[in-house]
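Colleague: According to TrEMBL, the feature substrate binding site maps to 102, 155. Taken from TrEMBL, the feature Mg(2+) binding site covers 155, 181. The domain 'HpcH/HpaI aldolase/citrate lyase' annotation in TrEMBL covers 29-252.
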């Protein structure tokens with residue numbers, strides 16, 4: 001699978017996103033949602049310490065407000081594109097934050113895709129989160145339209161039943177799931193042992209399917225009670241032990257918990273160290289390490305990986 005990754009800048013930040021044959025794919029640990037109707041929060045989210053910010057056009061936005069929300073996104077992307085300086089110099093001396101968009105997966109999708117296509121030249125958007133996925137063709141439509149990696153959210157029994165097919169979608173980067181939506185549809189008793197058992201099984205299923213189809217490790221669903229940091233920490237630690245790569249967040253106070261729970265492997269850190277040492281010694285932005293071609297996006301992600309460790 002080959003996906004074009006684009007990047008987000010804030011005042012002092014830029015990012016890129018790369019996968020290459022060494023197995024180093026530096027994915028966000030923390031994915032912080034921010035409603036597209038609240039542009040005053042975009043900068044705050046970008047500076048929260050989250051590895052990725054997801055501007056949400058779906059659940060957080062009423063139908064009547066979606067046109068205005070798209071305008072907020074367009075203005076924000078254009079604003080940061082104008083601030084670009086030297087990408088390598090800025091990114092290698094600061095943290096990095098990716099900008100993702102959660103689109104609608106219904107009649108509003110066409111207008112969402114038009115928005116994203118109009119923003120492509122800015123090279124600011126890293127990827128798309130697609131909710132309520134029930135079949136592979138939904139993922140492939142978005143990827144074919146935008147050539148951006150897609151995170152598919154499984155949020156229904158129908159979606160669960162099609163996990164194997166969805167996992168084979170062209171352009172799919174990773175799977176996630178919507179705990180609240182699934183629990184409501186199946187009428188699971190909140191907080192019960194039965195509900196816990198169900199989602200343990202689902203997580204394992206998603207983890208196995210992701211591994212079998214060479215996807216990035218899955219992304220854990222949101223933890224709704226953002227004030228209960230102890231419980232979220234336990235959940236994040238548990239799914240990290242299952243091999244998940246990160247967690248969706250709905251509040252900035254959850255970001256650090258997610259960042260601490262998900263750690264890089266020793267092999268990733270060793271590769272990243274070699275890349276940065278070579279870059280600092282030679283100044284080259286294109287070279288090979290261990291038979292792997294390295295360019296600026298890989299260098300930036302190696303830098304982020306070492307900053308996270």
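Here the Cβ of each residue, glycine as well, is placed from N, Cα and C on the backbone.
Remember, it's a predicted structure, so these values are computed and weren't measured experimentally.
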Colleague: For the domain 'HpcH/HpaI aldolase/citrate lyase' (29-252), report the average pLDDT of the model, please.
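Modeller: 93, rounded to a whole number.
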Colleague: Which secondary structure state does DSSP assign to residue 155 (substrate binding site), in the simple three-class scheme?
Modeller: coil
Colleague: Within the chain of residue 181 (Mg(2+) binding site), which residues six or more apart in sequence place their C-beta under 8 angstroms from its C-beta?
Modeller: 132, 155, 156
Colleague: On the three-state reduction of DSSP, what should I expect for residue 181 (Mg(2+) binding site)?
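Modeller: The three-state answer is helix.
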Colleague: When a 10 Å sphere is centred on the Cβ of residue 155 (substrate binding site), how many other Cβ atoms does it contain?
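Modeller: I get 23 for this one.
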Colleague: Within 10 Å of the Cβ of residue 102 (substrate binding site), how many other Cβ atoms are there?
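Modeller: Other Cβ atoms within 10 Å of residue 102 (substrate binding site): 25.
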Colleague: Does DSSP give residue 102 (substrate binding site) helix, strand or coil?
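Modeller: Looking at the DSSP assignment, residue 102 (substrate binding site) belongs to a strand.
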